[in-house]
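For reference, the structure discussed in these notes is given below.
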Amino acid sequence: MKLLIKNGHVLDVKTGLDRVTDILAVDGIIHEVGSKIDEAGCEVIDATGLYVTPGLVDAHCHLRDPGYEYKEDIESGTRSAAKGGFTSVACMPNTNPVLDNEAMVKYVINKAKTDGFLNVFPIGALSKGLKGEELSEIGELKFAGAVALSDDGRPVGNSSLMKKAMQYASMFDITIISHCEDLDLVDEGLMNEGYQSSILGLKGNPAPAEEVMIARDLILAEYTKATIHIAHVSTELGVDLIRNAKRRGVKVTAETCPHYFTLTDNACEGFNTNAKVNPPLRTQKDVDAIIQGLKDGTIDIISTDHAPHHIDEKNVEFKIAANGMVGFETAFPLAVTYLVKPGHLSLKELVYKMSFNPSQMLGLNKGTIEVGKLADLIIFDLNEEYKVNITEFESKSKNSPFNGLLLYGQPQYTIVGGTPVVRKKVLL
């Protein structure tokens, strides 16, 4: 199969390519990048006036498969991801059964091959059963195909266990993704502790509950010389802690999510359960710090933390509603609208944070447009506005606080291995 993308503004952060040109993919591989490529025998996409970049890579999502398929499964989750411009996703292990052994890791890999619309990479559980008591067989998980380790959804509260995990992970050259949360400080808090929680009469989850654990993990990473990735950073001090650790030479990368640079805890007004996430939405001061961290490189990656929940888990009182929101289909447009359009990031910097950097952190061979590499690409109009409509989401779940929002940059084409899976915004 030959696919020719003509006259698109091709942007690639690794090669420095930033011009209008053509891309020819043959049998899924990028064969040529240049002008006036022969169209004979090709399926042609006219990308005039559009940007062509490497496909997005999500380093943090929840596909809920196995065990929670009523919320999402590998088919519906990857359909949703493809619609949002993702060509590769790494899924967290908090499934049922947990992804804490070779069989479960291979289950995800094999099911993704038959049911998935894009590349799926499982993240293995750091501890057995996500209980934080005993390390999983890290070597077994790595050799089975896990691309990282995490107990995401719960913190590793035992500092000794985390220290050992870092030492073993270093031996197997695999990164730990840390969900930083001190449950004693959370103390059953439901949203950010502050003015809004007081107004709503809801128990608060203080910023130090996140920051204390970020500090602990940075200290342990510095001591063990391990590589650590801090998930879903949401606070000003959290950004400062990571910035200072990087200056000291700690091998740390960090991510945030679109809701942490677009929303504050004001979104919880009216007891809006679609704005209930973990870590919670913070204050405008924290949002500003997250944006600054993205600008100065402290925060390397934008992930979705796509967390689908059935309507029955959200359409309840705030106290018992599930944490999380869906993110695949709004992440890139939110980043374009709130980061690129205001001038906080260039489009090239955004591609770094949503494609190249997550690929590097996970050790994937993705995030670039080079001859000989798989043709994982997206095509989009930076200036076309659209309105978010949750009824059009491909995800089984619709728990998003962004319904009705006007955004820019919705992907028009998503191409995985040289094959279009989304064409003119329609999933094929």
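Glycine too: its Cβ is placed from the backbone N, Cα and C atoms.
Per Swiss-Prot, the Zn(2+) 1 site holds HIS60, HIS62, ASP305; the candidate it also names there, chosen from ASP152, ASP173, ASP182, ASP187, is ASP152. ASN94 is the residue from ASN94, ASN101, ASN244 that Swiss-Prot records in the substrate site together with HIS62, LEU63, ARG64, ASN278, HIS309. Annotated Zn(2+) 2-binding residues in Swiss-Prot are ASP152, HIS179, and among HIS232, HIS259 the one listed with them is HIS232. Taking the Cα atom of each, LEU63 (substrate binding site) and HIS179 (Zn(2+) 2 binding site) are about 17 angstrom apart. Of all residue pairs in HIS62, LEU63, ARG64, ASN94, ASN278, HIS309, the annotated binders of substrate, the farthest apart have Cα atoms separated by 17 Å. Cα proximity to ASN94 (substrate binding site) (within 10 Å) is found for the following recorded positions from HIS62, ASP152, HIS179, HIS232, ASP305: HIS62, ASP152. When the binding-site residues HIS179, ASN278, HIS309 are screened for a Cα within 10 A of the Cα of HIS60 (Zn(2+) 1 binding site), none qualifies. Ranking the binding-site residues HIS62, ASP152, HIS179 by Cα distance from HIS309 (substrate binding site) puts HIS62 first. In sequence order, HIS60, MET92, SER150, GLY153, ILE177, SER178, CYS180, GLU181, ALA231, ASP305 are the residues of the same chain, not among ASP152, HIS179, HIS232, whose CB sits within 8 A of the CB centroid for the Zn(2+) 2 site.
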